[in-house]
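Chemist: Before anything else, here's the structure in question.
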Amino acid sequence: MVSLFIAGTDTDVGKTVVTALLTAYFHKKGEKVIPYKPVQSGALEVEGKLVAPDIQIYKQALPELNEKAINTYLLKKASSPHLAAREENIHIYPSVIIEHIKLLEKEHDIVLVEGAGGLIVPLSDDGYSIIHLIKDANIPVLLVARAGLGTINHTILSVMAMREAGIKVAGIIMNRVTKGDQLIEQDNRKMIEKITNIPVFGVVPYIENVEKLFQDDDLLNEILSSLQLKEIRI
Ligand SMILES: Nc1ncnc2c1ncn2[C@@H]1O[C@H](COP(=O)(O)OP(=O)(O)OP(=O)(O)O)[C@@H](O)[C@H]1O
Ligand SMILES: C[C@H](N)[C@H](N)CCCCCC(=O)O
Ligand SMILES: [Mg+2]
């Protein structure tokens, strides 16, 4: 039915953790939700097989996920997808990804599409990037941003780029990937909301052991209830 693109201000900001949290949230609400990682670079080798690291986290939130249905391009090099694809003589076709999103939309209430890195991350040598894919797929964005020092610039630049591209930004979720100065983090949230006029739905706390998060229902429910996810309008 509907899709939400989980974009980030950078790589390693927590798009996967937020996608998995949203998967758990919508599943608990009884929605038929599916996360989709169209392009995964930095594939992991597990028992001689290449697997997508992000999907391993999704499966902690929703164990019954079929990996083949939620990843289209699986690339070895832990780099920008355009380089990883070039290294393997693979071409990433946006049309293939968009078609797959439409197929998933037919079978689910909500599709959560995770990007790769930040917004201006090329998928091919011609510079076609994640932001172009979002525009062509015509999907609203939930932007994931670090909570700490440096995020004001990254987040507002990302919002400016999406606005210039005519992309709808549904909201922002900030993420404590590190334990930083709380005064800075609280002020970051206020300044970002004030300057962008986009709601920050909440701040994901620093999680001591992400691997165990989805087995700890109390912690999971505590984090989910601390985020104003009911405010997300798709
Ligand atoms: N709130 C948090 N507390 C502690 N660690 C976190 C938190 N959020 C993310 N991490 C850790 O930070 C790293 C990067 O997170 P994640 O993989 O979600 O980033 P990403 O934006 O999806 O990266 P990519 O661009 O590779 O997809 C991971 O090791 C993850 O476990
Ligand atoms: C390998 C990494 N974990 C991501 N999958 C891809 C990040 C691409 C970042 C490109 C860039 O901004 O320089
Ligand atoms: Mg990720």
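In case you wondered, yes, glycine gets a Cβ from its N, Cα and C as well.
Model, not experiment: these values are computed from the prediction.
Pulled these features from TrEMBL for this protein:
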BINDING   12-17, Asp54, 114-117, 175-176, 205-207  ATP binding site
BINDING   Thr16, Asp54, Glu114  Mg(2+) binding site
ACT_SITE  Lys37  active site
BINDING   Ser41  substrate binding site
Chemist: Of Asp12, Gly14, Lys37, Asp54, Tyr206, listed as recorded positions, which ones have a Cβ less than 6 Å away from ligand 3?
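Modeler: Within range of ligand 3: Asp54.
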Chemist: Express the distance between the Cα positions of Tyr206 (ATP binding site) and Glu114 (Mg(2+) binding site) as a whole number of Å.
Modeler: 21
Chemist: Using the Cβ centroid of Thr16, Asp54, Glu114 as the reference point for the Mg(2+) site, which residues of the same chain not in that list have Cβ within 8 Å?
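Modeler: Not counting the recorded site residues, we get Ile6, Lys15, Thr19, Ala20, Pro35, Lys37, Gln40, Pro53, Ile55, Ile57, Tyr58.
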Chemist: Can you list which of the binding-site residues Gly14, Thr16, Ser41, Gly117, Arg176, Tyr206 have their Cβ under 6 Å from some atom of ligand 2?
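Modeler: By the Cβ criterion, which requires under 6 Å to ligand 2, the hits are Ser41, Gly117.
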Chemist: Cα distance, Ser41 (substrate binding site) to Asp54 (ATP binding site), nearest Å?
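Modeler: Here the two Cα atoms lie 10 Å apart.
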Chemist: Among all chains shown, work out which of the binding-site residues Asp12, Asp54, Glu114 has the most CB atoms within 10 A of its CB.
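Modeler: Going through Asp12, Asp54, Glu114 one by one, the largest Cβ count within 10 Å is at Glu114.
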Chemist: For the recorded positions listed here, Lys37, Arg176, which shows the highest count of neighbouring CB atoms within 10 A?
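Modeler: Counting Cβ neighbours within 10 Å, the top one is Lys37.
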Chemist: Return the residues near Ser41 (substrate binding site) by Cβ distance under 8 Å, restricted to its own chain and a separation of at least 6 in sequence.
Modeler: Leu75, Lys76, Lys77, Ala78, Ser79, Ser80, Pro81, Ala84, Ala116
Chemist: Can you figure out which of Thr16, Glu114, Gly117 (the binding-site residues) comes closest in space to the residue listed as 'active site', comparing Cα atoms?
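Modeler: Closest by Cα: Glu114.
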Chemist: Helix, strand or coil: which one is Glu114 (Mg(2+) binding site) in, per DSSP?
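Modeler: Where Glu114 (Mg(2+) binding site) sits, the three-state DSSP reduction gives strand.
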Chemist: Given the binding-site residues Asp12, Gly14, Ser41, Gly115, Arg176, Tyr206, return the subset with CB under 6 A from an atom of ligand 1, ordered by sequence, or none if empty.
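Modeler: Correct list: Asp12, Gly14, Arg176, Tyr206.
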